[in-house]
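Pulled from TrEMBL, these are the features on record:
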type: ACT_SITE; residues: 47; note: active site, nucleophile
type: BINDING; residues: 46, 47, 48, 49, 105, 110, 111, 112, 116; note: substrate binding site
type: BINDING; residues: 185, 186, 187, 188, 189, 190; note: NADP(+) binding site
type: COILED; residues: 117-144; note: coiled coil
type: DOMAIN; residues: 6-150; note: domain 'Glutamyl-tRNA reductase N-terminal'
type: DOMAIN; residues: 168-259; note: domain 'Quinate/shikimate 5-dehydrogenase/glutamyl-tRNA reductase'
type: DOMAIN; residues: 331-426; note: domain 'Tetrapyrrole biosynthesis glutamyl-tRNA reductase dimerisation'
type: SITE; residues: 95; note: site 'Important for activity'
């Protein structure tokens, strides 16, 4: 049985998602996998969702599944009311396929989520917490999102949360080409952010990372880096600050901005280390801070600093555009079909051991009978008899194989297995 326990921007408040973002996905997956009734677990954690996919024994109830996740979270000190949705089997497949296709994102069709789903799957593979059904589930999710984007044109506008955030900030920016931008973070999302900035022809970008990896990132992408000792100056002089770090602590605060402004005024408003030397005037145009981090990278107290406008994930959600209904309906139709196919194949695969057991039983009986035939009659008669017996065995096995697929499709696996046991004493 496949279970998906999900909390997202659609079902949980921002504080809950922020708390869940502090979870160590690897540790959570390993803890869940340690339970006897769970054969696999994959954790998907992004800035707008937290999802746990579990391959579990049929006897694991909804209440017990949620309790297992609660207990595993409690081991990491995450004590939050887990307001999650539970999806089972086909619903779980349909949900993941929809997520991977960008249909459940804040900005429908955004492209980053497909890569995040692939990375979650790859990480589970490295940790060896997947199962055969979860392997197939995530492989089909990747295939489905490609089909959806190709056939339903979802994602054709190159959408993403950061692009929408930059769109929202545009009204406060005189010129993106002339804007000074401080990028905080050096991960995958920082690279996506830099690409979005360059699409707006931004020329002046500096990078700083709480992890200290700004040198490598700056060299790779051909931008300037900020010396940690001068962060307050760069933060003050920036027209736009974009944060997308996974750090636990605040990277930007009112104290940092105020310290930089005070220093600027004391030094005649000069920026001795910033490559884009400019005045630090208290009457400067509004400074926009875009916080894409979860947990938050920016202390909310920056809103108390004059001239500062804070745009965070919660704000972006409120301004997210409505779905393009026709395109989305077409995409969801592809997702539903893919989920039905996945479950049908999964159900058939679950009965494969039983079908194999029946075939082996019949073939053993066939070989025993052929041994007796080979001791009687002429060589020509033996060949004719063997051919007839093998054909008969194939005919006998055909109907049970067809019935196995039919019963699997209707969820009656146990009927087939019970029948084999009752008639032939076979265990599968």
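Cβ atoms are placed via backbone N, Cα and C, with glycine included.
Note that TrEMBL annotation is computational and uncurated.
Taking the features listed in TrEMBL, we show where each one sits on the structure.
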{"residue": "46", "record": "substrate binding site", "Cβ within 10 Å": "22"}
{"residue": "47", "record": "active site, nucleophile", "Cβ within 10 Å": "22"}
{"residue": "48", "record": "substrate binding site", "Cβ within 10 Å": "23"}
{"residue": "95", "record": "site 'Important for activity'", "Cβ within 10 Å": "22"}
{"residue": "105", "record": "substrate binding site", "Cβ within 10 Å": "24"}
{"residue": "116", "record": "substrate binding site", "Cβ within 10 Å": "18"}
{"residue": "185", "record": "NADP(+) binding site", "Cβ within 10 Å": "28"}
{"residue": "186", "record": "NADP(+) binding site", "Cβ within 10 Å": "27"}
{"residue": "189", "record": "NADP(+) binding site", "Cβ within 10 Å": "22"}
{"residue": "190", "record": "NADP(+) binding site", "Cβ within 10 Å": "24"}
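Sorting the domain 'Tetrapyrrole biosynthesis glutamyl-tRNA reductase dimerisation' (331-426) by DSSP state (H, G, I as helix; E, B as strand; all else coil) yields 86 helix, 0 strand, 10 coil. Looking just at the coiled coil (117-144), the mean pLDDT is 96. If you compare every pair of Cα atoms in 46, 47, 48, 49, 105, 110, 111, 112, 116, the residues listed for substrate, the longest distance is 15 angstrom.
Each residue contributes its Cα atom, and for residue 111 (substrate binding site) and residue 190 (NADP(+) binding site) those atoms are 14 Å apart.
With a 10 A radius on its CB, residue 188 (NADP(+) binding site) counts 13 other CB atoms from all the protein chains. Applying an 8 A CB threshold to same-chain residues 6+ apart, the list for residue 187 (NADP(+) binding site) reads 244, 245, 246. Separation of the C-alpha atoms of residue 185 (NADP(+) binding site) and residue 116 (substrate binding site): 17 Å, rounded to the nearest whole number. Take the Cα of residue 190 (NADP(+) binding site) and measure to each of the recorded positions 46, 95, 105: the nearest one is 46. In the three-state DSSP reading, residue 190 (NADP(+) binding site) counts as helix.
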